[in-house]
Every structure is written in C-alpha cells, then in structure tokens.
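First up is the structure itself, then whatever we jot down about it.
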Amino acid sequence: MQPIISFEQFTFQYGHAAQPTLSDITFHIYPGEKVLIAGRSGSGKSTLAHCINGLIPFSYEGNSTGNVLIAGKDPREGSIFEQSKQVGTILQDQDAQFIGLTVEEDVAFYLENECVKQDNMKKIVSDSLRKVKMHTFHKQSPHELSGGQKQTVSLAGLLTTNADILLFDEPLANLDPLSAIHTIELMKDIHEQYNKTIVIIEHRIEEIFKLDLDKVILIDEGKVIAMGTPKEILASNILPRIGLREPIYIEALKRLHFDSNNDVIYPMENLQKEKVSNVIKEWMEKQVILKRNAKNKELLKVENLSFSYPNKQKVLENVNLLIYEGEIVALLGHNGAGKSTLAHSLIGINKMKNGKIALKGEDISSWSIRKRGEIISYVMQNPNHMITQPTVFEEVSFTLTLHNFSKEEIKNKVEGILKICGLYPFRNWPIQALSYGQKKRLTIASVLTTNPKLIILDEPTAGQDYYHYKQFMSFIKNLAKKGISFVVITHDMNLALEYTDRAVVLHEGKIIADNTVFDVLGNQETLQRANLRESSLTKLIKFSGIACPEKFMELYLDSTRREEGA
C-alpha cells in the first residue's frame, strides 16, 4: 500500500527566519490511519500541518528541500485549491472558519463554489448534517452554538468535500470535558464509517489517546524525535523530556514507585489490579497529612445573587459564595452553566437582579465597573483580546498613564511588576515578539498595576503545552502567596486538582458543590450532573479497589505540592 502522506528528508525555512523550522523530516502515513502529531509550543508541528494542507507554500512563503507527497502529488506543484480537495482542515479557532450566516449555509459553501445544483446541494447538506447529528440546528447561526457544536458543523462542511484526509488543529483546546469526549467519539464514527485518514495536531495527550490512534509522531525543535504506537511512546518515557504530559494516572504510578518493568501500564485495564492495590496501600501508610493552615480572612462575599438576560430565564439563581484572601478557587461547569455570567456579575458588567456583593464587609453592589475593576480584575482567555499597546512597557503602564501618575512613579511601579512577572528583560520588546505564554503573563502584569485583591482567570492554560502550563500556574501560585485571590474558570480537571484550593461547581445557574477539590472531583454524582470528566487519577483508585478515593487524592496532592514547593 502506498502512503497517502509522505515526507522524506524534508526541510522548510520561512523567508524571514534565520534557521529552518523543520529539518530532515521523514515519516509516512497510510490511508485510513489515525495519527497524532504532537510537540510543545514552537516545536514545528503547526508548520508541518501547513505543509500538509497547502498553506505552505501558498499562504506562507519559504524555502523547502526534500520530498513531500500528499495523495501521490507534490503539493508545491499544484494550488491550494487543489490541495483543499485532498485535505480538509478544522481550525483551532472555530469562529475563524465560518462563512455562512446559518449552519446550512456554511456547510453548503464548498458546494456553492463547485456550482452544484440547488436540489442536489440541499440533499448533500442535509445528509452531511445528519451524519454528525446536527440536522436540527440547520437554521441557527454558527455563532449561537457551543464550541463542540461549532466543531461538529465544521466537520459536516468537510464531509461535503469528499476529502480523504481530515486534519484537526488542536481540536480539544477550547472544549469543555463533555464536548471533548463528543469530538473524539465523532472522529471515531467518521473514521469507522468512511475510513478517512485522520491527522491530529494536539498536545493534550491523555484525552486524544482515547481515539485509539495507530501512530504517534513526536516533533521537537523541528525534527521527528520519536514515532510509534501510543503504548510504545508511553513506554519510552520520552513525553516529559520534551515538555508533554503523560496521562496523570501514569504520573501517579511513577510517583508511587510502581515497578512497571513487567507490566503494560497503558491502557489502565492492562494493569495487574492486585499489584496496583498493594503499591497504593503501602504508599498511603507512609504518608503524613499536611497540617491545614487556618483559612485566611474573608475577602469577597456573594449573597443570593441572581441574574437573567432580557426576556430569558434566570442564568444565575441565588448564588452564595465566599472567597478568602490568597485563595485559588476553581470555577467548574459545562458550557452554559453560568461561569462567565458569574464572572461578569462580579466585575460589574452584568447588573444583578437581586443579591449582594461585599468586599471585606463593604457592600460594593452599586459600585461602577471602573471602581470595581480596581479591586476585581478579569483576564480573558485570549491575551490578544486584551493587549492594546505596541510594547511591553507601554502595555503595563497604560492604566497608570490614564490615572496621571508621574513618569517616575510609572517607571518604578511598572519595573517592579515586570520583575514579579518575569518580564523585566523584555520590557522594551514589541508585543508581537512575545510568545503566547509571555503574553498571558503580560495581561496579568497589566492588571496588577491597580493592586487588585481578586483576579478572575478565564481558561488560563488553554492552548499551552505542559511546560508553559506548569510555568504559568506556578507564577499564579506565587502571586497567591502574596495575598492575591484568584477565581480560575477552567475545563481542565487536572489543573483544578493540582493548583487550586477549592472547587465550586455551577450547574444551570446554581452552585451544586463547593468544597475541597479532591472532595468535589471524587464525587461521581457531582461530575455526572455537571458533565465534568472524571480524572484518570480517581479512575485508577477505583480500578485498584482502594476504599476512600478522596483520602488517597488528598495524600497524593499534598505529596506533589511538597515536591514542587507549592
């Protein structure tokens, strides 16, 4: 069988770059395979994806050597239009992919360009939407859909093209746990029904491995450094060395000194249950529970907060919440549960229907957005949506300039904040020269100028690889030690487990759980009601038959935090 994607000694260098982004790339993907291409940020995996779908060389210019064949043809000798018939791409940013005003218009876009007759077009669009179970949404605007639904509509559009290769660019990056599971199941269904070749660019290893991949290709510093089945990749212990995360239950087994020389540790069901149980019991007996510090002073108190949009049912109903100084709280729940609405109510964008918000006992419910914004800051998921100035120094000093601080005061304050955030060496850099992670820290630096007491972070680690994820969350932990409180809106259960002090779960506008993270995420009923994903760590404990999984999670998290100095 001939490969459908073939790279041999392929090197690519952007026109403006001093060094090649891809060097001596060689691999083959065969028809019908499901393949993951993974690597940390900046590894070259996105450039490789662009070489597959034709964006290189037709949208991004550069110089290449070596051989590349997609469906038997060299894409450099054709056109991006021809390439799009062979390779269908689903972008990480779904909104950037939509053309039509309604779902059916968007799915019909390719067919319209092919001048397909209208009657036939309607049938193809209807069939494509039925294949992905989105036919009842055909008249809706794409922008009214959830992240998972948008991705599904994009896939329906690709099915109209009959492309043999489906390329997914970080398909799980912006999805809640339920939508991520749905997306993976949808990929499986499409593969089983149509035998498409599926190529995925992703660094969320644990989730995407559920797709039953045929092959994993690891990229680092522009080179292929490993290739094999998921089992072979996990057995090699290479993932942590290149800044990617192993499944958290495998991390746990290694921390427990589980001897896996004669065991296959992936998937979990292959483990010897009795051996796992004994190792966990022995480890637990040696552990000492950390003495819990008394809670800090109360910072913010929310009482009976309700909110509804005009002519709609309540989005928040009788929400009661306490936040303490220096505390990191995870705000969890599926898309539409009310997390963003609650955040917008705290910062004053939403005018609450009833209820009260108090800061250290003072009622701030009637405060203006500007006044409230000086003590409660909101950091968006995408840093590019917040940054307005051309350089790092100008961005951080912007608010101080508006408040008429003197040049000397601005210089001293900004430089101090940049040092705290690890950005002082880059103070004169242009914004476009910063990495994504540096931009995330820059948005934090900008809000620190007002000395906020509480910072709300919306999906702070979305789109970041594990190395930058750990770096950013350690930075947040250090700020919390200085007394700043954080509310972290996240779909990442591992982040909640490892870095937050408490978890609050919203469901249909109501708080259904508010407790320590290991109590909340160890509660199966809460997870099911809120459509949250159970951590593989709790699955491991259930698999082992150990009683009191919450107890193990408490001991394990205490241990990891001691090791990391958190």
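In case you wondered, yes, glycine gets a Cβ from its N, Cα and C as well.
Positions annotated as ATP 1 binding site by Swiss-Prot: GLY39, ARG40, SER41, GLY42, SER43, GLY44, LYS45, SER46. Under the heading ATP 2 binding site, Swiss-Prot lists GLY333, HIS334, ASN335, GLY336, ALA337, GLY338, LYS339, SER340, citing sequence analysis as support. Annotation source Swiss-Prot lists domain 'ABC transporter 1' at 5-246, citing sequence analysis. Residues annotated as domain 'ABC transporter 2' in Swiss-Prot: 300-533.
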Long-range neighbours only, meaning 6 or more apart in sequence with Cβ under 8 Å: which ones does ARG40 (ATP 1 binding site) have?
HIS203, ASP220, ILE242, GLY243, LEU244, ASP465, TYR466, TYR467, HIS468
Within the domain 'ABC transporter 2' (300-533) only, compute the mean pLDDT.
91
Residue from GLY39, SER41, GLY42 whose C-alpha is spatially nearest that of GLY338 (ATP 2 binding site), among the binding-site residues:
SER41
So of all those binding-site residues, GLY39, SER41, GLY42, GLY44, which one's Cα sits nearest to SER340 (ATP 2 binding site)?
SER41
What's the CA to CA span in angstrom from ALA337 (ATP 2 binding site) over to GLY39 (ATP 1 binding site)?
32
At a 10 Å cut-off from the C-beta of HIS334 (ATP 2 binding site), count the other C-beta atoms across all protein chains.
22
Can you tell me how far the Cα of LYS45 (ATP 1 binding site) sits from the Cα of GLY336 (ATP 2 binding site), in Å?
32
Going along the chain, which residues six or more apart from SER41 (ATP 1 binding site) have their CB under 8 A from its CB?
HIS203, SER435, TYR436, GLY437, GLN464, ASP465, TYR467, HIS468
